[in-house]
Structures are given as structure tokens and as C-alpha cells.
């Protein structure tokens with residue numbers, strides 16, 4: 001992969017992320033004020049008309065968000081919570097996250113540096129890639145990364161694919177760790193939005 005190609009990919013991802021952040025801020029304000037995404041709202045009615053296709057469509061959205069979070073800050077997770085309720089929303093979120101994480105692992109294993117470097121700087125890449133030589137230390141790092149929402153866990157999934165970690169071991173770690181932060185983060189944001197919606201009427 002040429003340097004120019006890498007710069008173009010990083011620029012595209014950077015601009016996409018900026019647009020995603022702007023969309024997230026606007027959408028969060030809209031969700032807090034509107035009843036459209038709340039249980040019984042217009043979006044919920046639309047999904048009910050779709051039947052089983054509704055959750056499937058939402059899970060597909062979550063898969064794409066896990067591979068690359070165009071809409072940052074877990075907004076789609078919160079929408080799942082608000083629309084489907086706490087537990088069904090959590091199930092849909094986790095299902096999409098598990099499939100998306102598995103795809104990220106495969107992307108890292110299949111394409112390696114060429115795909116990972118498109119998402120992070122050379123310095124970040126070298127910092128993370130230097131950890132994969134020590135399997136136990138790397139496992140501790142990704143466990144912390146999966147539990148704490150401040151780490152780029154989608155990138156960790158890709159880098160895991162570049163390590164000696166087996167897919168079975170990786171999947172177990174994802175299954176045990178990522179749902180914890182997903183539930184806490186999503187529930188907290190959903191409650192904040194619900195509270196904000198009461199203030200704005």
C-alpha cells in the first residue's frame with residue numbers, strides 16, 4: 001500500500017468521523033426532544049410493522065457500527081435500548097457487536113497492517129503492535145480495552161487478528177468482556193436521554 005493511498009484512506013476516515021460526530025450531536029438533541037425513537041413512537045411502530053425484519057435490520061446496523069463506528073459515542077446502542085427496551089435492545093446490540101467484532105478479527109488476520117493503519121496513526125500502530133509479542137500481556141490489554149469504553153476496541157479486534165490469539169480465545173474474551181461495558185454505557189446514556197427529554201418536555 002502506497003503512502004498516498006494510506007493518506008487518502010486516513011483522510012476519508014477522518015472526514016467521515018467528523019461528520020459522524022456532528023450527526024451524533026444533532027441526533028442526540030433530536031432524540032432527547034422527540035418521541036419518535038421512544039417505545040410506542042413512530043420508529044417503534046415502523047419496526048413493529050417490519051416484524052422480525054426490524055431487529056434483523058437493526059442488528060445489521062450494529063454490525064456495520066462495530067466494524068467502523070461512523071456514528072460515534074454508541075448512539076445506535078442507545079437507540080436500540082430506547083426502541084426495543086433494555087433487554088431486547090441489549091440482545092440486539094450484543095448480537096451485532098459479536099458478529100462485527102468477529103469480522104474485525106478476520107480483517108486483521110487477512111489484511112493486517114494495510115487495514116489497521118488506515119484507522120490509526122503510525123505511532124498508535126507501533127504502540128499497539130509492540131504488545132502482541134507477549135501473549136499474556138496482550139490479553140490483559142485487550143481485556144481492559146474491551147471493558148473500558150475509552151479504548152478503540154474495534155481496532156483491538158483487528159490487531160487481535162494479527163496476533164497469535166486463536167479466534168476461539170478471542171471470541172471468548174469478547175463474549176465475557178465487551179457486553180459489560182456495552183450494557184453499562186448504553187443504559188447510562190439511555191437514562192440521560194430519558195431525563196433530558198423530561199426537561200425539554
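For all residues, glycine too, the Cβ spot is worked out from N, Cα and C.
Copied over from TrEMBL:
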- 75-188: domain 'VTT' (DOMAIN)
- 12-32: transmembrane segment (TRANSMEM)
- 52-71: transmembrane segment (TRANSMEM)
- 83-107: transmembrane segment (TRANSMEM)
- 141-159: transmembrane segment (TRANSMEM)
- 171-190: transmembrane segment (TRANSMEM)
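Scored by C-beta pairs under 8 angstroms, the transmembrane segment (52-71) has its highest count with 83-107, from the stretches 83-107, 141-159, 171-190. Per DSSP, the domain 'VTT' (75-188) is made up of 93 helix, 0 strand, 21 coil.
Within the model, the domain 'VTT' (75-188) shows a mean pLDDT value of 87, rounded to a whole number. With a cut-off of 8 Å between Cβ atoms, the residues of this chain six or more beyond the transmembrane segment (171-190) that come close are 73-74, 77-78, 80-82, 86, 89-90, 93-94, 97-98, 101-102, 105, 139, 142-143, 146-149, 153, 157.
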